[in-house]
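> Before I ask anything, let me first share the structure, which is written out below as C-alpha cells.
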Amino acid sequence: MSATAAQSWRTRLFGTPATGVLTLAIGLFVLWIAVPLIRWALIDASWSGTSRNDCTAGGACWVFVRARFGQFMYGFYPPDERWRVNLAGIIFVLAGAAIVFAPARLRLKLGLAALVVLPLLGIWLLGGGLSLRPVETREWGGLMLTVFISIYSSLIAIPLGIAFALGRQSELPVIRLVSVLFIEFWRGVPIIAVIFLASLLLPLIMPGGIGIDRLARAVIGLGFVIAAYMAEAVRGGLQALPAGQREAATALGLGYWKATGFIVLPQALRISLPAMTNEFIALVKNTTLVLVVSILDLLGIAQASLADPSWVGMNMEAYAFSGTIYWLICFALSRWSRHIEMSSRRR
Amino acid sequence: MRYLIAALLLAGGASTATAQQLAPSPTLDAIKARGNLECGVHLGLPGFSFANDKGEWSGIDVDYCRALAAAVLGDASKVKYTPTSVQQRWPILQSGQVDVLSRNSTITFSRNATLGLNFQGINFYEGQTFIVRKSTNAKTAADLDGASVCVAAGSTEEKNAADWFRERNLKVTITNFQKNDDAIAAYDSGRCDAYTAGVGALAGQRVKLKVPGDHVILTQPISNDPQGPVTRWGDERWQLIVRWVLNGMIAAEALGVTSANVDEMKANSKNSEVRRLLGAEGGFGAMMGLPDDWMYKAIKQVGNYGESFERTVGMGSALKMERGQNQLWSKGGLLFTPPFQ
Amino acid sequence: MDKALAFINDKRVRGLLYQAALLLGLVGLIVYFVRNASENMVKAGIASGFDFLWRTSGIEVPFVLTGYTQQDNILGLFWAGVANTMLVTVIAIALATLLGFVVGIARLSSHWLLSTIAGAYIEFVRNIPLLFFVLFWYFGVIAALPAPRDSLSVFSVAFLNNRGLTIPLPDAPANFRWALLAILLAWLAQWLVARWARLRKERTGQDAPVLTIGLVLVILVPVLAVTYASLTTRWDVPVLRGFNYRGGFVVIPEFVALLAALVTYTAGFIAEIVRGGIQAVPHGQTEAASALGLRRPQILRLVTIPQAMRIMVPPMTNQYLNVLKNSSFGAAIAYPDIVSLFMGSALTNTGQAIEIIAMTLAVYLVIGLAVSAFMNWYNARIALVTR
C-alpha cells in the first residue's frame, strides 16, 4: 500500500476523534461477532469422518453435512438416477447462457423455443417415463426441489402476471376489474395460507377421482401468488413506457395485440426485468414454506435430517449450510438484477 | 360386470364358497390397477413410522401397511408412503390421496362423526403421558402444576392435557406447535418443562433428544388413546379388508401362527380357524374379492401382530416397550379379535 | 369479410364480447368448482357450514389478549388469533421502521466503516429466507435465556427466563383507565400546541418553546400518571413457585422471537427504501440548506427526509403489508397467531377446511385494506402541496 493510500485510509477511519471512536466501536462489535463465528465454522470445525463421534474438535461438525450432502441436494431421489437431475441442471444453465449471449435478433426466438421445450424436457428428465425409470415427486427433495419449484412456479407466474398487468391497464371495465381483484387478492394473503389452501382445496374442487400431485399443488399455489407480484412488476414497466409508443403503433395501423406484442411488451418487459428478478428472489426465499405441507425442499430436508437419532444436535450445521446456499443463490440473482438495471440505465 | 367377476371366480376355481355378489370397491380396483397401496403415515416417529436416511420406512404402523399390501397385492413391498403432519392427515385421507391412514391417530367420537372417517380397529393402545427432565423430580402428571408443556397442535393430546389439568385446578401453560418435531426441539432446548404425547410415541421421540438419558417418561397415563388404521366413509368392501387384515394379524398371534411356521401351519394345522385364516378352507379371501391366501401372504411377509410389535417397538427394538395393554386378552392385555368364522 | 359479421370489427362490440366471454368463463369455472366441492364433501361425509364456530374449543392458548379461555367457543379462539396477529404486526412495523431508518441513514454515512457494515447487513438480510430468521431468533432467544430458577430479575417484580418475560399485572385496572385518559389528553394537547406553534411561526416567524412544552406533555404527564396509578393499585406480582413464576402476565418467547425476526428482516428492506428515497432528493436541496447555515442533522430532519418521505411511502406501504402477511411465519414457532390457532388447531379439530381458510384469508385482506387506506391517507397528507 502506498503512503498516500494509507494516509487516506487513516483520515477516513480516524480523521476526527468522533470518527475514531466510531471506528473503534464498530470494529470491536464486528470482532465480537466474527471471531467466535470463524472459530466455530472453520478453526474448531471437524471435516472428516463418518459419524457424530468423529466430531471432537468442539466446533462445527461438517461431517454431518458431508454424510447428508446427497440428501441436501437431491432428497430421496434414487442415487443411480441422480445424473438426470444434474443433466437437467446443466441443460437449463447452458440454455440460459445461450439465450443471454445469443445475438439480439435470435434471442427472442431462442427464448420462446426454450420456454416451450425446456419445461417439458425437465419434467421428463426428473419424473421419468418414456424409457426413463419413473421417479415420483415424493422422492424429490433438497436443493433440486427448491430450484424446481422456483422455476416452474415462475413459469406459471410470468405469463399470468403479464396477462393481468395488461388486463389492469385495459380500457374494458370488466377485464380491468377482474385483473385488479385477482392481483389484490393474491397480494393480500400470506403465502403460508396459500400453500395450505392449494393443498387442501385443490383436491376438493376437482371432479372426483382426479388427483393433483402434491408438489404440483404447491407449485400452482406459489405460481398464483407470484403472478400477482409479477403483474405489479410488469405494470411498473408498462407505466414507465411513454404513451407515445402505443399511440405511434396504433397510428401505424397495428391492432391491440400486435401493438402490445411487438411494441409495448418487449420494451416494458425490459424495463421491468429488474423488478421481476426481485420477485423471483422473493419466490426462491418463499419456497421454504412448502415444508408446511411436508414437501422437503432444502430447508425441509435439513430440518428432517435433524430428527435422525444418530445425528442429534446438528441444528447449527444444518441451518448454516442450507442458509448459505439460499444466500448465495439470492445474492447472485440480486447482483444480476442490479447489473441489468444499471446497464439499461446507461443505455 | 359383477356377474362376470363372480363367474370368473367360479371358473377359476378360486373359491369353494358360494359365489356371491361383491359390492363394488373403487379403492381396491384402483390399488390393483396402480399396483401399489397408498398409505398415509407419520412424518417420522421411530417405532411407528420412520424413514431412515435411505428413505426406507419401518415401524408398527408401517408394518400394518405392508401386511395390507401383502394381503391385497401379494407383495408387502408394494406400498407407497405419504408422510403426513398432524394437520394434513385428515385432508389427505378425505381427498383420496391415500387409501388408508396408519398414523398413530387416536379414535375419537367427533373425528368419527364429523370428519367423514371410520376407524377400523385398534393396533396400539396408547396412553397419554409426559416426558420431563429427571432434574424436575416429577413423578406423576399432578406434579406438573405450574409447568410449561409443549404439544403438537390439533392432536388429541392438546385438548386432553388442557382438560385434565383444568379439571384438577392445576395451572399449566400449553404451547402448541404445528409439528411434533418442532415441539420436541423446543422441549429439548428448554422452552418447556414437559412434552406430552402417548407412551409409545414418547418412547420413539425420546431418541431424538440430545441426551435421552436426562429425561424420564412418566408412567401414569392421563388418558386412553386407542389408535388404529383409518379409512374414509364409503366403499364398505375396502373398509372390510382394512379391518380384517388387522384382525388377522392379531388372530394369527392368538392362534400361534408366525412368519416362521405359517407354511407348516397352512399345510398341517387341524385347527379350522387357522385353516380359514390362512385360506386352506372357507374361501374367506374371495368373499372380499381377494385371493384366498391373503392372510397367509401377510403373515409370511410381515409376521403376526406380536412379531411386528417386538420388532418395531418391543424388546427387539430401540424403544424397549413392554406389551402392557397391547398384549392379547388371553395374556392379560386388551387386544382382542372377533373369530374367523 | 361478410357484411353481416362486419360489426365484429367494431372496437366497442369486440370489447363487449371479450368481457362477456371472460365473465361467462369465470362464472362457469366458479360454479364448476363449487359444484365439485359440494359433491365431494357430501360424498366424503365432511360437515359444512359455520355451526362449528359456536362449539367449545377446548384449546389452551398461552398468550391471550382478548380474555379467551379454553372453555370459550371456536369463534373466541378466532378473535384471540386475530388479536395476536395484529399485536405482533403493529409493534413489528413500528420497530422495523425505526431500525430501517437507522440502517438506511447509516448506509449513507460518510463514515466508511459504518456505511460498509450497514451495506453488509442489508445484503445479508435481504437474501435469506425469513423462515431462517424466525428459527434463528427462536432457538437463539430460548438458548440465551436462563431457566426459571436462574431468572434475570428486574427490580424483583418482572422476571426474564426461557418461559418468557413475566411482568406484574394490576389487580384493579380502574386507576389505569384514568391514567390512560390523562395520557391521551396530554397527547391531544401537545398536538394542538404544535399546530398552534406552526401556524404562529408561519404568521410571525417566531419560534414557540414547543420542545419544553412537548417534553412535559408527552413524557412527564404519562410518567406521573402511570406512577400514580401503579402506586394506588394492588399488583399481582409474579412469584416463583414450582416450575415457574405464578401470576402476572407472560410475554412468551415466541412473541419476542417472531417480533425480532420480523423487525431485523424487514429493516433490511426499509433501509433500502430509505436510502433510495434520500438519494432521490436532488443534491441541490442539501447544498442550499447548508448554504442557509443548517447543520447536518437539521438538514436531514428538515429538508431531506420530508422530501424523501414522498418517494418512500408507496414502497413502505408494501413493506408494512409484508409484515402483516409475514406474521404468519409465527406458525413455525408456535406463536399463537390466526394461522397457527385457527388454520392449525381449529382446522384439525373440526376438519372444515373451506370455511376456516376463507375466514383466515378474509382477516388478512381486511387488515391489509385498513393498512393500505391509512397509508394512502398519509401519502395524500404529505404529498407536495402546490400553493
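Including glycine, each Cβ sits where the backbone N, Cα and C put it.
This is the feature table in TrEMBL:
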TRANSMEM  A:20-42  transmembrane segment
TRANSMEM  A:83-104  transmembrane segment
TRANSMEM  A:110-130  transmembrane segment
TRANSMEM  A:142-165  transmembrane segment
DOMAIN    A:143-337  domain 'ABC transmembrane type-1'
TRANSMEM  A:185-206  transmembrane segment
TRANSMEM  A:218-236  transmembrane segment
TRANSMEM  A:288-306  transmembrane segment
TRANSMEM  A:318-337  transmembrane segment
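Give me the structural setting of these features: burial, nearby parts and distances.
Tertiary proximity for the transmembrane segment (A:20-42) is limited to same-chain residues at least six positions away from its ends with a CB under 8 Å from its CB atoms, namely 13-14, 59-60, 316, 320.
For the transmembrane segment (A:142-165), the residues of the chain that approach it from at least six positions outside its boundaries are 71-75, 77, 85, 89, 92, 115, 119, 122, 126, 179, 182-183, 215, 218-220, 222-235, 238, 265, 269, 276, 279-280, 283-284, 287-288, 290, 295-298, 301, 325-326, judged by C-beta separation under 8 angstroms.
Sequence-remote contacts of a segment are chain residues at least 6 beyond its ends whose Cβ falls under 8 Å from one of its Cβ atoms, and for the transmembrane segment (A:185-206) they are 212, 214, 217-218, 220-222, 224-225, 227-229, 232, 286, 289-290, 292-293.
With a threshold of 8 Å between CB atoms, the same-chain residues lying at least 6 positions outside the transmembrane segment (A:288-306) that come near it are 64, 68, 71-72, 75, 141-143, 145-146, 149, 191-192, 195-196, 199, 214-215, 217-218, 222, 312, 314-315, 318-319, 321-322, 325-326.
Within the chain, the transmembrane segment (A:318-337) has long-range Cβ neighbours (under 8 A, six or more residues past its boundaries) at 41, 60, 64-65, 72, 143, 146, 273-274, 277-278, 280-281, 284-285, 288, 298-299, 302-303, 305-306.
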> Which sequence-distant residues neighbour the transmembrane segment (A:83-104)? Criterion: at least 6 residues beyond either end, Cβ under 8 Å.
74, 77, 110-111, 114, 118, 121-122, 125-126, 128, 132, 135, 144, 147, 151
